[in-house]
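Data first, discussion second: the structure below is written as structure tokens.
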Amino acid sequence: MPLVPLEHLDEVREELVKARKSRHRRLLVITGDDDSRLVTTALDFIYNVKDLLSGEKVLYTYHAFYSDGAMRKELFEKGVPRELSVDYVSYHKLDEVLGRTYAAAVADLVNNLEPNDLGRVMGVVEGGGLYIFLLPSFTRLLETVTRFQSNLIVPGYTDKDLKRYFEKRFIKKVMEHQGVAVYDADNRYWVKKFGKTPSTPYARPKPVLPQKSKIPVKVFNLALTQDQVEVLKIFEHFYAKAEKEKLVFVLTADRGRGKSSAVGLGVGWLAHRLRRAKGKCKVVVTAPAVTNVQEVFRFSAAVLDLFKHKVEVLEDESGMITKLLSKGIEIEYVTPLDVLKAKGDLLVVDEAASIPVPLLFKMLKRFNKVVYSSTIHGYEGAGRGFSLRFLKRLKNEEGVKLYEYEMSEPIRYAPEDPIEKWTFDLLLLDAEPCEITEDDLSLVSAGEVYYDAPNEEELFLKNEEELRQFFGIYIMAHYRNNPNDLGIMMDAPHHFLRMVRLKNGKIVVSLELASEGNLGEDLSKESAKGAWLMGNIIPDRLIKHYKILDFGNLRGIRVVRIATHPSVMGKGLGSFALSRLEEEARRNGYDWVGAGFGVTYELLKFWLKNGYIPVHMSPEKNPVSGEYTVIVVKPLSEKAKRIVDVIAKEFKQKLLGSLASPYFDLEPEVALLLLKSTPSFEVKVNLTKLQLARFLTYAWSDMTLENCIDVVGIMTRLYFLSKKKPSLSELQELLLVSKILQAKSWHLTCQELNLSLAEATSNMKQIAQIFSKEFLGVNSEEEALRYFFLRMDDLNEGVSA
């Protein structure tokens, strides 16, 4: 006997029958505080539609690290109809099944309502399928501290300080949307029914195949949509040799449009065709994570199987495909950074919007045929900012033949799916900034803008249009966004928002900020010993690396993210936002404002222009962006100024000694900017007579640099540390950074600085002579001559100046 009344069961069945006709999905949210009732209710609903699900897979996802989560999973497993095939997957392993398609998915969200989990799971169910969410009662949900939220409670805050706007937004959106129902398992009643949903039958249009093509019909037959056929037709162009110009394909789509599988079909055919033409083919595949490219590999393998290739599939320890091997064919995943060392006939860059534009162009330099694909809206979406940042610049590149295509038809379900609409709305996956008109540009030019502190409850729960403007700027401007960014913004007690608006109210700059510091003695000591302090990134790094406990007592604001509307960039709005933030911070007794970011020349210049001082750089590059993370701080109080001055001087000395390793591959321009923006101080020349003799023989005679590079290194460090220094050109300073401080070969130095060997060696000799005059007071070969011929009696003293 089912726990749920029969009429309630039939309502879900009728709704699912209707959904199957229209190839749309439904979401049933079951709430309850009794675990047994919660699971039994879910099973009752599943039993009543089991004939609609039989023969197809069902996903059950849960939090394996919670004993009650494991217990609910066991209850479900014992009660589920035997004829259903169920995959039980813990959330931390969900990436492993993202390429699979399910008829239904049960998501246990009792322990953790995490935005990323929702973003990932909402794409796996096919049209006509059912999602079931298991949740505590909404009252208890707003009192429970989830696993996601527990990581947001940083020192100085308690669970009572959690803002809980994400949970409130979740409840609001569940109650607003059609196709979503809420059932109270404890009291057995509908909190909300599915509402009016379309029941128009949907049949996917049969793709129209090309009359003539190098690609056989059997490959085209694997394409499910016309979009996928069009992508394959573009791949046909990539069979030609890239002789006079590079071949580039930029493919974009919302999530769930079959983008990666279409690329896989094209890669499989091209690998087969090139192998037949020239005996071998190597395809390099990259993405921020190997999980992003599983569909590329699966569909490439399917096409190779069509052509009777014996394919060996290599997987990593987590079961992710990393390589396909066949006779004369290799399709391999490499990390974005390692692409710069790889070679191949074709490069495929999936989720390209998550990789910085400079790195994408470095990849293009290395390969003659490149496919860049990226999600516009969805879990890994980057909005249309990718097109703005990348395509605009790509179109200005000479020697590039560019193909573009945007896919629109969903693969797993019909267009206008209500559950896709709900997901996009809840997680702001399709948020875009406001449109900027000529009148708006006039307001910017006239300085008619203002700094605003929004009411966050109003913004997150009521002012939907303003929230979409605010968050849309981040999607448009930043490399990587995921739903957890939104969750942190909405729930973290130490995070707060500011914005710059035009006089007419439009949002043009978005700032997400975090209060940090005020740690006290004990926490500061823990950090100094190596403990990781949650939510205090700048104090934690500075105390860890410089051991000055006093910094932990200061209060600061970290700029988590600052982004300007793309249509009004370069007009001083970001700097205006920072200046107003600093004024607000001073009024409220803060000691500093700071930021951490993946360092590029342009970004560093922005922060330096606004008076921020570099104080730390990570020793490792980010594996996706290929950038080092730099921390900058602007002291506001006198105490902060004293501490930051000491730390910045130490950072400068540390950097001078670290450019050969670990910062060997840091761009010389960035290194130079860091060195010139940190404090200089009084230093003395301190050379032995023999060091002096070698240096002067190099400067004024015929000794080679290699024979005195140790002394040139001393003099170079002296130059960058010293307050009183001679005037060198920027090229000469870059030469010192690359050749001396980073210890690069002449070949690499000349390549980086676009110099001939003769120009580089001549400039280095000039630098040595300038150092000789300014630091040592030796102005010519005649004056240096007395150091060329030494006796033992001359060696008693060193040289100080």
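Backbone N, Cα and C define each Cβ position, glycine as well.
As annotated by Swiss-Prot, ATP binding site applies to Q228, G256, R257, G258, K259, S260, S261, A262, V263, G264, L265, R412. What Swiss-Prot records for I562, A563, T564, M569, G570, K571, G572, L573, G574, S575, E602 is acetyl-CoA binding site, and it gives sequence analysis as the kind of evidence. Residues or ranges marked as domain 'N-acetyltransferase' by Swiss-Prot: 457-637.
On the structure: features taken from Swiss-Prot.
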| residue | record | DSSP (3 states) |
| --- | --- | --- |
| Q228 | ATP binding site | helix |
| R257 | ATP binding site | coil |
| V263 | ATP binding site | helix |
| I562 | acetyl-CoA binding site | strand |
| G570 | acetyl-CoA binding site | coil |
Spatial neighbours, same chain, of K259 (ATP binding site) - Cβ under 8 Å, 6+ residues apart: V231, L251, T252, A253, S373, T375, M407
Cα nearest G570 (acetyl-CoA binding site) among binding-site residues (Q228, S261, V263, L265) -> V263
Please work out the number of neighbouring Cβ atoms within 10 Å of the Cβ of E602 (acetyl-CoA binding site), leaving out its own Cβ. 8
Show me the subset of Q228, R257, S261, V263, L265 whose Cα is within 10 Å of G574 (acetyl-CoA binding site); these are the binding-site residues I mean. none
List the Cα distance (Å, whole number) between G572 (acetyl-CoA binding site) and R257 (ATP binding site). 39
Using a Cβ-Cβ cut-off under 8 angstroms and a sequence gap of six or more, which residues of the chain neighbour R257 (ATP binding site)? T225, D227, M407, S408, E409, P410, I411
Taking 8 Å from the centroid of the Cβ atoms of I562, A563, T564, M569, G570, K571, G572, L573, G574, S575, E602 as the cut-off, which other residues in that chain fall inside it around the acetyl-CoA site? V509, V568, A577, F606
Let me know the DSSP-derived helix, strand or coil state of E602 (acetyl-CoA binding site), please. helix
Can you grab the distance from E602 (acetyl-CoA binding site) over to Q228 (ATP binding site)? Cα atoms, rounded to a whole Å. 38
Listed in sequence order, residues with CB under 8 A of Q228 (ATP binding site) and six or more positions away: P207, G258, S261, A262, L265, M407
Across the whole of the domain 'N-acetyltransferase' (457-637), what does the mean pLDDT come to? Round it, please. 94
What is the total of other Cβ atoms whose distance to the Cβ of V263 (ATP binding site) is within 10 Å? 27
Just to verify a number: CA distance, I562 (acetyl-CoA binding site) to V263 (ATP binding site), in angstrom, no decimals. 34
Largest inter-residue Cα distance among Q228, G256, R257, G258, K259, S260, S261, A262, V263, G264, L265, R412 [record-listed ATP binders, Å]: 17
Give me the CA-CA distance between T564 (acetyl-CoA binding site) and V263 (ATP binding site), in Å, as a whole number. 33
Let's check the environment of I562 (acetyl-CoA binding site): how many other CB atoms sit within 10 Å of its CB? 25
